[in-house]
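A.B. asks: Positions annotated as domain 'BPL/LPL catalytic' by Swiss-Prot: 36-214. The annotation substrate binding site is assigned in Swiss-Prot to 75, 76, 77, 78, 79, 80, 81, 82, 147, 148, 149, 160, 161, 162 on the grounds of sequence analysis. Swiss-Prot lists 144 with the feature site 'Lowers pKa of active site Cys', giving sequence analysis as the kind of evidence. Sequence annotations record features per position, and here Swiss-Prot assigns active site, acyl-thioester intermediate to 178 based on sequence analysis.
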């Protein structure tokens, strides 16, 4: 249940969802939440391969313009990759009505949500406030397993985060991920953990309830 008196809709999309279509949907949904016509929502999906540029992205951080489609967005952050094998989570919550008008706390709670979920699969990770994301130590290196990029309109959140489940990590070669030169990425599969999306999603929902519905 939502703290607002009606359920948070939990939607899982089958197949690939076009990135621009997802942007249009989120814009419409935020309008509906603000106007009281629609409920808050958590949307789980996959995108076809795409590079997305947040409001802080710099041209020099796009290393290959022709590798995949490039879409500029209104979310925070820099360049990121979305594609098959990655669980994308878009979170549309009304922080104003929840009396939680604290952006840093919201982002930190997203991080705790991911860290708690990964722990259920035996993965020790941590959320980094400075280099926003969830990181693991692997082969003596810090590697990012989840990337974050949010937007907020009149205290309704949208966009969210992505977790690499079985992502082709070579797809990151065309960008400087999140603008952090020399950074490395990983996935559950890369860490030797095989998890079906359905199982991962179930734990995500359980952990969401413990963090956001208390």
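A Cβ is built for glycine as well, from the same backbone N, Cα and C atoms used for every other residue.
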A.B. asks: Among 77, 149, the binding-site residues in question, whose Cβ has the most other Cβ atoms within 10 Å in this structure?
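C.D. replies: Per the Cβ count, the most surrounded site is 149.
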A.B. asks: Given a separation of at least six residues and a C-beta threshold under 8 Å, show me what packs close to the residue listed as 'active site, acyl-thioester intermediate' in the same chain.
C.D. replies: 77, 78, 79, 80, 131, 132, 133, 144, 147
A.B. asks: What does DSSP call residue 178 (active site, acyl-thioester intermediate) in the simple three-state scheme?
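C.D. replies: Once the DSSP labels are grouped into three classes, residue 178 (active site, acyl-thioester intermediate) ends up as helix.
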A.B. asks: Within the chain of residue 75 (substrate binding site), which residues six or more apart in sequence place their C-beta under 8 angstroms from its C-beta?
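C.D. replies: Once residues fewer than 6 apart are set aside, residue 75 (substrate binding site) is near 52, 54, 55, 149, 150, 151, 159.
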A.B. asks: Under 8 Å between C-beta atoms and at least six apart in sequence, can you list the same-chain neighbours of residue 161 (substrate binding site), or say none if there are none?
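C.D. replies: Spatial neighbours, sequence-distant, of residue 161 (substrate binding site): 88, 89, 91, 110, 114, 146, 147, 148, 149.
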A.B. asks: Let's check the environment of residue 79 (substrate binding site): how many other CB atoms sit within 10 Å of its CB?
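C.D. replies: The answer is 24 other Cβ atoms.
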A.B. asks: Taking 10 A as the limit, how many CB atoms besides its own sit near the CB of residue 144 (site 'Lowers pKa of active site Cys')?
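C.D. replies: Taking all protein chains shown, residue 144 (site 'Lowers pKa of active site Cys') has 23 Cβ neighbours within 10 Å.
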A.B. asks: Tell me the coarse DSSP state (helix, strand, coil) of residue 75 (substrate binding site).
C.D. replies: coil
A.B. asks: Within 10 Å of the Cβ of residue 147 (substrate binding site), how many other Cβ atoms can you find? Include all protein chains, please.
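C.D. replies: Total other Cβ atoms inside 10 Å, all chains included: 25.
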A.B. asks: Tell me, how many other CB atoms lie within 10 A of the CB of residue 81 (substrate binding site), whichever protein chain they belong to?
C.D. replies: 25
